[in-house]
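Structure first, commentary second.
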Amino acid sequence: MAPSSPRPALPALLVLLGALFPGPGNAQTSVSPPKVILPRGGSVLVTCSTSCDQPTLLGIETPLPKKELLLLGNNQKVYELSNVQEDSQPMCYSNCPDGQSTAKTFLTVYWTPERVELAPLPSWQPVGKDLTLRCQVEGGAPRANLIVVLLRGEEELKREPAVGEPAEVTTTVPVEKDHHGANFLCRTELDLRPQGLKLFENTSAPYQLQTFVLPATPPQLVSPRVLEVDTQGTVVCSLDGLFPVSEAQVHLALGDQRLNPTVTYGNDSFSAKASVSVTAEDEGTQWLTCAVILGTQSQETLQTVTIYSFPAPNVILTKPEVSEGTEVTVKCEAHPRAKVTLNGVPAQPPGPRTQFLLKATPEDNGRSFSCSATLEVAGQLIHKNQTRELRVLYGPRLDERDCPGNWTWPENSQQTPMCQAWGNPLPELKCLKDGTFPLPVGESVTVTRDLEGTYLCRARSTQGEVTREVTVNVLSPRYEFVIIAVVAAAVIMGTAGLSTYLYNRQRKIRKYRLQQAQKGTPMKPNTQATPP
């Protein structure tokens, strides 16, 4: 408040004496206006009057800065009171010869609060948990006309007079999903309408509420229980019943390795999918973590993943290619903790290696030796296989099945001479008549007299050679007629001979029966006698 200008001590003394020892006269002092409401720091004009009709001492007593503006005769003065900072009661006084008197005017100062502040809201508020709102108000007058209102948007939550300095108003409200994103604020109302002024409002800075729901159930984590070194696996983490689901943060990690999931959101659920790669440095048991953070809460699921190294078993042949009759050692070796089996080997105690010995035969050419290894990892059986093929070198072969020794074909017919030589490596085959004329093996030819004859088939390879004679017979049309005639004659003669035999047999039977009848020998019914 600005200091007032120096005032003479005499008026104050006169006022005091007039108040203590009022005179017997009827002179009165009045003031206008008797009541004033004005903004803080404002000015007001006050008129002091007296009814004394004689020269008198007229003035105003106030701590406020004052300025005499107008003298209306000896019994009325107008003063300007300025920089009114608080409620005040200036007093007009007059000292008439027949007595002293005083009159007061009541100055009421109004001003809106200097601070209206809503306490900050929690960054996140769980749905279902009550929220406490607190508003502080500093300053503001007149307090009898000052109200504090707490609001959610435009909805009033509480209305209360401002009491105390600073005034504080609190309320507790339940929190629901629908309140997510709602603005909360505090407002003051200085209602001076009854005094002919208006309603003055001050509003705090708003705070937006963020609500959330994170279920008590941990997220579901799906991943391989075991994972082989230098391979990839897929991890999926999911959870239902979240709100707002788009604000959920998902963290996936394998040991110290942070994963980068692709997150798919539903209405109130999410699914996070990530690929995980492991190396030899990760071998052993690792913790796979899925953590979901929403608001101020989190849920976490832990699961162990066993990282293992299990190379395929090694199948070892003494030599992958041997000659017929050579002894070959077949070995199978695997991880020290694995158990191996090798096809063709008699049952042996389980272990990481096995072997057997064989003598190579042509039938072993192209034979596959398969080794199966089994390793138990975290209760799961892991299987690996490896196969090696044996090549056996053996000499050429020509046999009756694949290279018949005799062919008989009609002249002018279409025929395909077939002669297959076997061996490893596959032998070269040539069939020649008289050392020069080749037999077109595997080709369709028209049979002529030139094709007839004996051919020497020779199969040759790095493992040796073998020969075989084959004969081609060509039947001309005249030979076909002779053969048909001979066959027909044989059929006719056979038929005639059979008829003669049957006729003689029946004749002998009748002759025998006649002789028996002449001797009186009874004949047994339904029994034929054996002919002599």
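Keep in mind that glycine also has a Cβ here, set from the backbone N, Cα and C atoms.
Per Swiss-Prot, the residue from Cys48, Cys52, Cys186 that shares a disulphide bond with Cys96 is Cys52. Taking Cys96, Cys135, Cys403 as the disulfide-bonded residues under consideration, the smallest Cα distance to Cys457 (disulfide bond) is found for Cys403. A straight line from the CA of Cys371 (disulfide bond) to the CA of Cys290 (disulfide bond) spans 40 Å. When Cβ atoms from all protein chains are considered, those within 10 Å of Cys237 (disulfide bond) total 27, not counting its own. When other Cβ atoms within 10 Å of the Cβ of Cys457 (disulfide bond) are tallied across all protein chains shown, the result is 21. Across the range of the domain 'Ig-like C2-type 2' (128-193), the DSSP-based residue counts are 7 helix, 39 strand, 20 coil.
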